[in-house]
Amino acid sequence: MAQAVEEWYKQMPIITRTYLTAAIVTTIGCSLDIISPYNLYLNPKLVVKHYQVWRLVTNFLYFRKMDLDFLFHMFFLARYCKLLEENSFRGRTADFFYMLLFGATALTGIVLVGGMIPYVSESFAKIIFLSNSLTFMMVYVWSKQNPFIHMSFLGLFTFTAGYLPWVLLGFSVLVGASPWVDLLGMIAGHAYYFLQDVYPRMSGRRPLRTPAFIKAFFADEPVVVARPGNVRFAAPPVDGIQPN
């Protein structure tokens with residue numbers, strides 16, 4: 001069993017493995033009082049006035065207390081982050097990292113702007129950790145890129161992957177969780193999907209290009225698609241040809 005888990009862990013692509021490890025270590029560290037969540041949460045004043053810039057990153061690593069909700073999000077993180085990195089972004093690690101960077105920046109910006117809008121500022125002020133939102137963003141992007149895959153929710157009903165974010169959002173509401181966290185992930189995910197996939201098809205321009213300095217950090221191996229050469233197909237038998 002331990003060997004199987006170790007093999008599964010080693011086979012994870014680099015970004016997924018790094019993020020999953022950091023999230024688990026951070027959450028366990030907080031549960032054991034080794035790390036204080038007060039040093040991790042997003043606080044714009046502390047970032048600007050006290051230069052605690054690490055909060056812009058650490059708020060994406062802490063998944064609150066270790067309960068069933070934590071296990072669900074670890075499953076989503078391990079599954080959909082891996083699926084994106086291995087399939088949609090295969091051979092493009094830098095582009096995948098840039099997607100996560102875009103999502104983290106968009107989520108942070110939404111929370112900061114929302115905190116200045118009357119009537120909703122109190123709701124945004126309560127959002128001090130964006131780890132769940134970033135995970136939900138990855139689920140949303142994957143569902144948009146694979147909308148026709150058939151899925152089952154707890155064996156109760158089946159649906160296509162395009163509806164997965166809405167099914168999970170409905171489940172969050174049913175169990176009494178705040179829908180704001182999931183909605184933020186959907187907004188950030190849709191913004192990325194539109195700018196990366198929809199807008200380029202409409203205009204022929206691609207606004208989200210991975211900067212060269214990010215690509216310099218990742219040595220992506222080219223994906224080689226083998227094509228058979230000199231393949232000849234035999235002509236169909238005469239008996240199999242029907243006259244018009």
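The backbone N, Cα and C atoms fix where each Cβ goes, glycine too.
Automatic prediction, not curation, is the source of TrEMBL annotations.
Tertiary proximity for the transmembrane segment (19-41) is limited to same-chain residues at least six positions away from its ends with a CB under 8 Å from its CB atoms, namely 12, 55, 58-59, 61-66, 70, 74, 77-78, 81, 100, 128-129, 131. The feature transmembrane segment is assigned by TrEMBL to 19-41 (among others).
Under the heading transmembrane segment, TrEMBL lists 96-117 (among others).
Marked as transmembrane segment by TrEMBL: 123-142 (among others). Packing against the transmembrane segment (123-142) from elsewhere in the chain are residues 23, 37, 40-43, 59-64, 73, 76-77, 80-81, 83-84, 88, 99-100, 103-104, 107-108, 111, 114-115, 117, 161, 164-165, 168, 178, 180-182, 184-186, 188-190, 192-193: each is 6 or more residues past its ends and has a CB under 8 Å from a CB in it.
According to TrEMBL, the feature transmembrane segment maps to 154-174 (among others). Residues of the same chain lying 6 or more positions beyond the ends of the transmembrane segment (154-174) and with a Cβ under 8 Å from any Cβ of it are 136, 139-140, 142-144, 146-148, 181-183, 185-186, 189.
Positions annotated as transmembrane segment by TrEMBL: 180-199 (among others). Residues 99, 102-103, 106-107, 110-111, 123-124, 127, 130, 132-141, 144-145, 165, 168-169, 172, 205-208 of the same chain, all 6+ positions outside the transmembrane segment (180-199), place their C-beta atoms under 8 angstroms from a C-beta of that stretch.
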